[in-house]
Amino acid sequence: MRPTRRSRAGRIGRVLAGLVALAALVAVGTMWWSSLRPATYSALAMGVPDTGDGTTSADADHGHGVGDDGDGPDASAVPVTELVADPLRVPDVHVELVARAESVTLPSGESFDGITLNAVTPGPEIRLRQGQLVEVVLVNESVAGGATLHWHGVDVPAAMDGVAGVTQDAVLPGERFAYRFVAEDAGSYWYHSHQVSHEQVVAGMFGALIVEPVEPGGADGPDGADEPGDPDEPDEPGGTASDAVALLHTYPGTSRTLNGTAGEVRHEAGPGDAVRVRVANTDSTPTAVWVSGGPFRVLAVDGTELHGPTPLERQRLQVSAGGRIDLEVTVPASGAVRVQALGVSLLVGPADAEAPTVPAPAELVDLLHYGTLAPLGFDPTRPDRSFAYDIGRAPGFLAGVPGIWWTINGRMGDDVPMYMVREGDVVEMRITNGSGEVHPMHLHGHHVVVLARDGVAATGSPWWVDSLDVGHGESYDVAFVADNPGIWMDHCHTLPHAVEGLVTHLMYEGVTTPFLLGRGSGNEPE
């Protein structure tokens, strides 16, 4: 029997459907195959060069170890290992930190499998004087898989940045690595591992780094302060130093802590004393901080002093993941001042004084308009490079794994842009976020100044940051001078987000790296 017209049409339809399914399968397979990474690979291959002129091309000369013909290493390229500070200078301060994997019990009684430095977590406070050269030797006693130290917010030379697979190899058990850098800028900073950082930081491998300004007359330090560089005698609650450090951290399976202690921590000071409270958010999510018992001022953000800070009351601050905010509080004639975050607080005042615990105020301090204008030191209106950093989310494959992953400029994995600069460039970047979540963006090796948010220009003090919260639906225009050659991570400091693809690099032309990433390298920076 001859096939009817209807049956022929049915067969054709089935064939076409099969071809469409095959094409879709081929497309998905191609996406999967192209997302795979070799056992080892270089950070130089982790992105498509974006030169800041509106073009993004895989054929562009990276200028970081690839010659003009693309056939091999560029002999003129500078290895990141050579980007160091004063290699012949004798250190002013020497610190040794021994990393150990062990069970940790907090004062609250909560315990977890963690990582300590010199048998404590948080690790020892390192306090320096501006201009000092510090040498910190990391000794890995028993952290399986290796560890590193990254100096969060300190614009160190690239060789000292502590990123496994980019600026060094992970320090394996039984090994040691010496970090050397000059404390150029006074301010509040912190240090943490950048090897499997989303696990090791939470587990306790972090600590405070404070750089005190050089004082007129060459004073060694404020009365009562620890000797700069002494990591074994951090300020204790009840001390009389001119400042108090408040490290906010949540360990695995525990409640939030302040300097490793749950609940309330005390810092003794007398009536009329002005105390600088250095708040550092070492968690992977932004947090609110507020003050009760008296007014306060915001002295600094991410290590940079603000210009013309004014007194505030009944307002809260948002501290970015990885960010730091320095507050000034003055002890009242009676009572105390309480600096609060969710679940913890620092009480500043006499030993027997109290201050109320209050809910977080509804009003948020807007740092875009806080303080008064001051010169930036460069002209951001005439940039040499203009970049877009558009954060999104999409289904796809990341290193062969299917999922809903973070995207940068609509791309993921090794197809994200790699931002190319030359030393001395004025760089402008617009960061936008349409991903549905807030992202605290952290650029290594540099501070950027916020020019505008959602098109509204900054009118307050220059707001310099190394960690910036970009909320869903927001855009920020930022600028900086490319003055620190190297290969620099630019990633979300909600650390699991970096594992999920929200990471790229700022790449200086003419710089290369001998280090490798991937499962065969032992280096896993995220």
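Cβ atoms here come from the backbone N, Cα and C positions, even for glycine.
If you look up TrEMBL, you'll see 12-33 marked as transmembrane segment.
Under the heading region 'Disordered', TrEMBL lists 52-74 (among others).
Look at TrEMBL and you will find 105-213 (among others) tagged as domain 'Plastocyanin-like'. Taken residue by residue, the domain 'Plastocyanin-like' (105-213) breaks down under DSSP into 7 helix, 51 strand, 51 coil.
The region 'Disordered' annotation in TrEMBL covers 213-242 (among others).
Here TrEMBL flags 223-236 as compositional bias 'Acidic residues'.
Per TrEMBL, domain 'Plastocyanin-like' is recorded for 407-507 (among others). Looking only at the domain 'Plastocyanin-like' (407-507), the predicted model's pLDDT averages out at 98.
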With DSSP, how much of the domain 'Plastocyanin-like' (407-507) is helix, how much strand and how much coil, in residues?
8 helix, 53 strand, 40 coil
